[in-house]
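Feature annotations, reproduced from TrEMBL:
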TRANSMEM  7-29  transmembrane segment
TRANSMEM  49-67  transmembrane segment
TRANSMEM  114-134  transmembrane segment
TRANSMEM  141-161  transmembrane segment
TRANSMEM  167-187  transmembrane segment
TRANSMEM  208-228  transmembrane segment
TRANSMEM  289-309  transmembrane segment
TRANSMEM  321-342  transmembrane segment
TRANSMEM  354-373  transmembrane segment
TRANSMEM  379-400  transmembrane segment
TRANSMEM  412-432  transmembrane segment
TRANSMEM  438-455  transmembrane segment
Amino acid sequence: MSIKKNFLYNGILSASNYIFPFLTFTYVSRTLGVENLGKCSFVDGIVNYFLLFASLGIGTIGVREIAKTNDDSKAKSRVFSSLLIFNLISTVIVCIVYVIGMVYVSKLAAYKELLYIGLAKIISTLFLIEWFFIGIENFKFITTRSILIKLIYIALVFLLISDSQDYKLYFLLTAVSTIINALFNIFHARKFVKFSFKGLAVQKYIRPMLIMGMYGLLTYMYTSFNVIYLGFISGDKEVGYYTTATKIYTILLSVFTAFTSVMLPRISLLVEEKKFEETRVLINKSYEILFCISIPLLVVCGFLAPQIIELIAGKGFEGAVLPMQIIMPLLLIIGVAQILVVQILMPFNSDRSVFINSLIGAAIGVILNLLLIGKLHSVGSAIVLLVSELAVVISADYFVKKEINFTIPYKSFITNLLFAVPYIAFCLLAQAVFISSFVIVISVWIVSCIYFVLIQKYFIKNVLFLQIEEKLRGIVFNKLAK
């Protein structure tokens, strides 16, 4: 399947992973309230922390190794079986430690029922095997299945969640959706591979899995650990503010993450076949897409943060505005990090550099957590995330230049940055003229979209934008001709 089709399917999938929960979030935040929402986010942060130890980098190693097998079904089955066995062992160990923590950590006693639900999520994630379907580039199945289950999930949330005491049921519904996805995946995988204990090579993957597992763990220390630490230090309300502040950013970032997920198996194969010029072309396309989309979005969303927070969460969430404004530049920063790490360092098997890079981010994240969260609470968490990710980008860029000789196209970055200045004027003018948050947001988005199209076509002359426009014209022309 072509990159464009894979990107389309994975773009829909990644967007649905955030947009569907976002649709429920606008309802749930008002129904559960900031504190109960914070409880769910706190426990989910703990569950995700243990999932990192359970998966140990299988999401990346699995995609890379499955992609390398290409059309060799026997090799694909051996790799799949070896990785699944390794994942099974790590999951069992993690579940034991998780249960011990539930029993002996006194702070967690108030969350015991939620933690039991989280345990079911950890176990089911073993069979989620999304890495396998991404590795064989079967994004159509993943997308279709995921959207179907999410639609059912949304319907159940609106039907069953009616007051603030339903937060446990809400968390249960979230876990059940993961379990059902896992069941679909493990049964569908039988069409492509046969699980067998024969010819296993588990030991072959121990080192790369541990390295990538540590990478995931260290990355978590500066991207998500602050949610757990914030919960312990500042309480559920501040967690509620912080998670609300990150909602828009995670939805928007998901679009580019979809593209990165598609590019990993494709670039891994190109590197394996030593087609380095094609690799360079794809990476430059990634930068072009990132710059033209992320810069306008971070400017508009940053300036409209008060109105956006009011629309998605309602009254009582004003404490999320400043954290959101601090977080929005991460659309660009994390996008660059994904290109440097996922699209360049990982396909080129620069696992050591990836590990060191994440170690730098984790060290800065831990230090800043200790210094800032006690005083600044959710605002401190936002600062920790921003500074840590910025350090990761600087470090990753150093390794990429040193080892692979790829450079960030700064000319394209500066061009897009300069053309983003008028977006500020659009936001300030709308806020001065209109009172309604809805009217302000809609008016700015309409004007910004028109300006974006004109700039990309006539001034920047973005090649990808022009190609998309040409294809759309062809589709419309063919429809009219019929």
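Counting begins at 1 with the first residue displayed.
Cβ coordinates are placed from backbone N, Cα and C, and glycine is handled just like the others.
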For this session: For the transmembrane segment (141-161), could you work out the same-chain residues 6 or more beyond its ends whose Cβ comes under 8 Å from its Cβ atoms?
Result: 9-10, 12-13, 16-17, 20, 23-24, 27-28, 31-32, 130, 133-134, 169-170, 173-174, 176-177, 180-181, 184-185, 188
Problem set entry | Intrachain neighbours beyond the transmembrane segment (167-187), with Cβ under 8 angstroms and 6 or more residues off its ends | 28, 32, 36-37, 39-40, 43-44, 113-114, 117-118, 120-121, 124-130, 132-133, 145-146, 149-150, 152-153, 156-157, 160-161
For this session: Please work out which recorded stretch in 114-134, 289-309, 379-400 has the most C-beta pairs separated by under 8 angstroms from the transmembrane segment (208-228)?
Result: 379-400
Exercise. Counting Cβ pairs under 8 Å that are 6 or more apart in sequence, does the total for the transmembrane segment (379-400) and the transmembrane segment (321-342) reach three or more?
Worked result: yes
Exercise. For the transmembrane segment (321-342), what are the same-chain contacts with Cβ under 8 Å, counting residues 6+ beyond its ends?
Worked result: 60, 241-242, 244-246, 248-249, 252-253, 256-257, 260, 263-264, 283, 286-287, 290-291, 294-295, 297-298, 301-302, 305-306, 308-309, 354, 357, 378-379, 381-383, 385-386, 389-390, 392-393, 396-397, 399-400, 408
Exercise. Top stretch among 114-134, 289-309, 438-455 for CB pairs under 8 A with the transmembrane segment (412-432)?
Worked result: 289-309
